[in-house]
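Participant: Sharing a structure here in structure tokens format.
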Amino acid sequence: MEDVRFFLLSGLSGAGKTVALRSLEEAGFFCVDNLPPSLLGKLGELVIRAEGRIRNVAVVIDARGRGLLAAWKEGHADLLRLGIRPMILFFEASDEVLVRRYKETRRRHPIADEGSLLDAVRRERAILEELRAKADLVFDTTHLRPEELREILFRHALRAERSRVQVHVITFGFKYGLPLDADLVFDVRFLRNPHYVPGLRPLTGCDPKVREYVLADPDASEFVSRVEDLLRFLLPRYEREGKPEVVIAVGCTGGRHRSVAIAEELAARLSDTYEVRQFHRDIRREEGERAERSSACAPPE
């Protein structure tokens, strides 16, 4: 299933698996922590039955025990038989850093039953050596802060034809109020208005004639280019901070002509990199008002 991204996370305790899983969850992944490896096949079947509703999956696998490592191999094979090609992400750090992290957090190492903390770290490294060799990506977090690990994770593990941040472009009319959920608001009321062109007034910004009229304005083309540059600067930084979606609102007087034409053009330009969804909030609002007035003013039968 090429449309499903399935990440298997493993690695040394204290090396960053929890940070990575939390980052993937914020990016919209369906996440499972410490799933028994024997259940990987069952999870794969669940993803298939979801019929596209689950496209991004991240699972932390504990493979420290001999039996668990064998179960991991079997579970991995089950996924392949289902047509799911999982990507294995392995997290590690130096012995010294792992020991220091455990001392700072005062947590007990999961296999520190006997011997020193350093002995436990070294034993775990030896146990997971075989799994590390099978990893698609290895993340060394020795010198990384959590936010730096998240940035590197997004840059490498999440690289794809499209970015993971979802962009919502909505249009509105200022006379009906600002959208409450907007992250960025752009006012295009300075552009020439198709409302005053009789042949264009009944149409909307979705109509090619209106779009051509609006975008033929030199100010419109420059505005779109400048906003596109700004968004291509901002969106990767929103993504780096783990923001799952950005709502961009474009407004004109009534939300019917100029804002719609500009939003359509912006969405088309951004769609080569981002998943873009559009919503024209007030595009039919004036039609409804006219219908109500017409009904109210109609002579009695």
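Glycine is no exception: its Cβ is also placed from the backbone N, Cα and C atoms.
Below are the features listed in TrEMBL for this protein:
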- 6-156: domain 'RapZ-like N-terminal' (DOMAIN)
- G11, L12, S13, G14, A15, G16, K17, T18: ATP binding site (BINDING)
- D62, A63, R64, G65: GTP binding site (BINDING)
- 166-283: domain 'RapZ C-terminal' (DOMAIN)
Participant: Can you give me the same-chain residues 6 or more apart in sequence from G14 (ATP binding site) with a CB-CB distance under 8 Å?
Facilitator: A93, L98, R101, Y102, R107, H109
Participant: For D62 (GTP binding site), which of these binding-site residues sit within 10 Å, Cα to Cα: A15, G16, K17?
Facilitator: none
Participant: Counting other Cβ atoms within 10 Å, pick out the least crowded of the binding-site residues S13, T18.
Facilitator: T18
Participant: For L12 (ATP binding site), what residues in its own chain, 6 or more apart in sequence, show a Cβ-Cβ distance under 8 Å?
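Facilitator: Residues satisfying the criterion: F91, E92, A93, L98, V121, E124, R125, L128.
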Participant: For T18 (ATP binding site), just give me the three-state DSSP call.
Facilitator: helix
Participant: Return the residues near G16 (ATP binding site), defined as same-chain residues 6+ apart in sequence whose C-beta is under 8 angstroms from its C-beta, sorted by sequence, else 'none'.
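Facilitator: F91, A93, F139, T141, L144, P146, L149 - these are the non-local Cβ neighbours of G16 (ATP binding site), listed in sequence order.
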Participant: 10 Å Cβ neighbour count around D62 (GTP binding site)?
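Facilitator: Other Cβ atoms within 10 Å of D62 (GTP binding site): 18.
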Participant: Excluding G11, L12, S13, G14, A15, G16, K17, T18, please set out which residues of the same chain place their CB within 8 Å of the center of the CB atoms of the ATP site, keeping sequence order.
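Facilitator: Counting only non-site residues, the set is F91, E92, A93, L98, T141.
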Participant: Any same-chain residues 6+ apart from K17 (ATP binding site) with CB under 8 Å of its CB? Would you list them in sequence order, or say none?
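Facilitator: Listed in sequence order: L9, S10, G11, V60, F91.
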